[in-house]
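So that you can see what the record holds, here are the features copied from TrEMBL:
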- A:472-548: domain 'Transglutaminase-like' (DOMAIN)
- A:565-589: region 'Disordered' (REGION)
- A:5-22: transmembrane segment (TRANSMEM)
- A:34-50: transmembrane segment (TRANSMEM)
- A:62-86: transmembrane segment (TRANSMEM)
- A:110-130: transmembrane segment (TRANSMEM)
- A:137-156: transmembrane segment (TRANSMEM)
- A:162-181: transmembrane segment (TRANSMEM)
- A:201-222: transmembrane segment (TRANSMEM)
- A:613-631: transmembrane segment (TRANSMEM)
Amino acid sequence: MKRDFQSFTLYMFGFLLLWEWLRPVEQLTTTDHIEMFVIFILLSFTLAFLRMKWIWQTIIKLWFILFSVNMFHYEEGFFQFSWITFFTDDLTTNFSRIVARNWLGLTNEFRTFLLFILLWLMAYLVHYWLLNRKRIFIFFFMTLIYITVLDTFTLYSAKTAIVRTVIVGFAVLGMLTYYRILARENISGNSFTVRKWIRPLVIMITFSVIVGIISPKFAPIWPDPVPYLKAAGNKGGEDGVGKGVAKVGYGTDDSRLGGSFIGDDSVVFRAEAAEKNYWKVETKDHYTGKGWIPSESTLSRIGGEDLIPVSSIPSNVETRDENASLFMFMDYDHLIYPAGIQRVQFQRNYILEIDSIKEKVSILNGFDSAPIAPDSYSVEYKVPKYQATELRETVAADPNQIDAEFLARYTQLPDNLPDRVKELAESITEKETNWFDKAKAVERHFGGSGFTYSQSDVAVPGENDDYVDQFLFETKIGYCDNFSTSMAVLLRSIGIPTRWVKGYTGGEFLKYSEDDSKQIYEITNNNAHSWVEVYFPNQGWVPFEPTKGFTNSVSIDFTNNDGTTPAVETTAPMAPKPQESLEEDNSKTEKTEQTFSFSNFWLSIKTFFNQEWKWVFVLFVAVIGTTGLMYRLRGKWIPRIYLLQFRLRKRDENIGKAYLILLEQLERYGLKRNEDQTLRNYARYIDTFFASREMSKLTERYEQYLYHQKLPEGSWKDTQELWENLIKKTIA
Amino acid sequence: MALENMNPIIEKILLNIEKVMIGKRNVAELSLIALLAEGHVLLEDVPGVGKTMMVRALAKSVNANFRRIQFTPDLLPSDVTGISIYNPKEMEFQFRPGPLMGNIILADEINRTSPKTQSALLEGMEEASVTIDGVTHRLEKPFFVMATQNPIEYEGTYPLPEAQLDRFLLKMKMGYPEVDEEIEVLNRAQKVPPIEDLHPVVDLEGLQSLQKEIKEVYVDQTIKRYIVDIVNLTRKFHSVYLGASPRGSIALMKAAQAYAFMYGRDYVIPDDIQYLAPFVLSHRIILKSEAKFEGLTAEEIVNRVIARIPVPVQRLVK
């Protein structure tokens, strides 16, 4: 009875494990009637459990298979035997197709039949592993791999499947180990031993499953490999990925985005400014599904020194005035300006032509209105400081505040934009109530592990693909255009007005200006960039930076926000070097006045760790890792040091040290000497292992050294040879 | 021991013994070790396995005179040592030496005789001299006793007291020969016993000089320490009532010297000690009666002790 119970549980676990293989099949393929297959497995295990004679088992199973095939594929009833002739015909034709390797020509009836046969085999194998071999680890492991692979690469969600498999797998492993031990030690199991074994097993499994379920799970550290694999797989393939459309530097046609971005470090301009900031050139408002185009163009001209009517910051936003000088290296007839531009000063008298939709400012010659590219100019601009509380005030588009036409323009989307874009936007922002938090949530979404910044291998959307949809759901690899366009489209899909901004990032810090009041940055074609601006009725256009690895230094004050985030979020500049060195300089001058205080010191350590904790952590892990590795591989490199040492110091007495090193090394190698084992005995063991006589020879000499305190003169030469040979054997 | 070259003289002696004794090389070796280390051997075995034959072959090989004493319950000490008899012609007592006055003596079934006679023999073994009627007679040199004990019969035996067992350098068992060996024994039994044709390999002087050389075999401090550690642990070992004495340590060292010499070495290595310890120490250990009931034997205890003492593999730190 007990034995029956044992095999019953084993069969049950076997069934559950095998069932896991069928569950995804239902979800991922077009296979119907999966329950019949499950019943078939159940039937196989039941018959095996009942220990029915194999002939009866075969008959019953065959009958079941035929019955199922009939049920799935034939209209006639099972007992109208005419279908059998069809089926046998089908079998013969399919067999000939198999021989001809015409896999696609196989009929559904035959596939069903094959699946049954496969399950039959698997059920038999599981039965064999469980009851005869008493080992199931490989099958269990394969099941886990199967589930995780499906979970990674398909829509199948293995959340509960993993838990089920782990419980069943460990339970069955534990049971089998128990029975194996019983068999090996020749113990007859009784209820006492069973309880003794099962109790800790159950406790352990329950404990680990509970811990596994309730413990917090970190987001994956590595980016999702699937987009990579897909991108690699599609490279040069159909989807038009990676072909054509490559961009260099700043271009004006954005109607077809995508393709690789080719780096180019030719200098565009140098800027002398108080701090690092983004430089705008133009914005675009109409998303076509493939790229951006301006919806219309309204041109107006103003005098060269007049107030420039773009990027106006509402008067209720706190601002400070700044100015900067630009020295152009490339001939561009459009103005490159920071957000909040007020005025420009040229060396000569020019007039400006402004496109109010694109916010593009062209520079024209004063007399003939021909486009001209000035060598340098300086700009006056306002730097806004936004209040988070005010930004959060906007929760919906209020018709009193936003003009309907304006709203329609900046929430425009192509008709064929897939619905899942909007669904994604809603799911990202479902916890947020106001526009600002929603925009931040979307911005954060791109910072997640799913997305990868890359300038190469970026897909070009095919004829029926949407640029944003492709990036968000399929490739997840891209550069600024992908990120910024996607953010703009996501926000538009939930009714938040956005526009797409092009320009340059802050560039590379070069040096301080002569009077040290300004910093000089160099902006190259590599710094060409695009980002997003979101419109808040009470705050104007506020820039956001969705691109992974980039930060725009927009200052937003969170202090008034019920004290939860009591700090001004001044997003760190991209290249922190200049500011740091500036701070350093400041602190140097301060230090001369200040006496050293421990708390300051402590604070600086703390801030250092706060800022650099990633590097500290990486360094720490690297040091630990290297040390561990060195220790792990000590058998490989320590002997080499001694090899060298003994080559340099030729003394007969070296054998004393050398032999002990060899003993240690052999032990590391896995040839352990028991404490009571004599050297001679051990040497014979080593020699049998290496099929040589060197250890015995060496040991004889060492015995002379150790037990006789005498050594033949000049014996080190042979000794060294023997010793080196042995050591080398252990390193190899 | 593939690497070892045996001492040529000793190898010849062993070959000589092998001419008459089939198999049992280790017994022959051990007996020779006892002879070379100036000790004595206690053989515990049933009759008829070739003890006498071996001792005679040994005696012949070293050109020593061989005596045999069959111990019986009525044997008197004077039957062993010799007696002064009044010679009417010379009108004085004249000493008639007993069988103990030989070089190699086989004391057969030593546990059959009375303790008094036993002690006469043992005294001779220890002191290398006997005192009769106030006159001390030096025994011949070399002097080697091989005593046998029959473990089968307990009726009418006087087991040797443990304190006296200490006098034997080695105790061993001979055991029955293997099947092939026994067949060979039968083959040889059909011919004239070859013992008569044996030629001596060395004379007594040669043997004595070998004994002298053996005393020169180097025993390192580490090895001495190893010996002492082993002997010491026999004293502390649970289930041991009385461990081996310092005499046991000396015996182990001497035997090891002889063994090393036999294998052509002039220094002792731990292998020698490990090999010899059971033969040297097991009869010097008295087990607790619980241990005896558990079926433990002294040999097993010695082996366990050896397994627990680490072999010295580096020089002692001074």
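Counting starts with 1 at the first residue shown.
A Cβ is built for glycine as well, from the same backbone N, Cα and C atoms used for every other residue.
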Beyond the flanks of the transmembrane segment (A:5-22) by 6 or more, those residues with Cβ under 8 Å of it: 34, 37-38, 41-42, 45-46, 48-49, 119, 122-123, 126-127, 130-131, 136, 139-140, 143, 146-147, 161, 164-165, 168-169, 171-172, 175-176, 179
Candidate ranges A:34-50, A:62-86, A:110-130, A:137-156, A:613-631 - greatest C-beta contact count to the transmembrane segment (A:162-181) (under 8 angstroms): A:137-156
Distant-in-sequence neighbours of the transmembrane segment (A:613-631), which means Cβ under 8 A and at least six residues beyond its ends: 637
Interface-richest range of A:34-50, A:62-86, A:137-156 toward the transmembrane segment (A:110-130), CB pairs under 8 Å: A:34-50
Local confidence of the domain 'Transglutaminase-like' (A:472-548) - pLDDT mean: 85
Counts by DSSP class (helix H/G/I, strand E/B, coil) across the domain 'Transglutaminase-like' (A:472-548): 21 helix, 34 strand, 22 coil
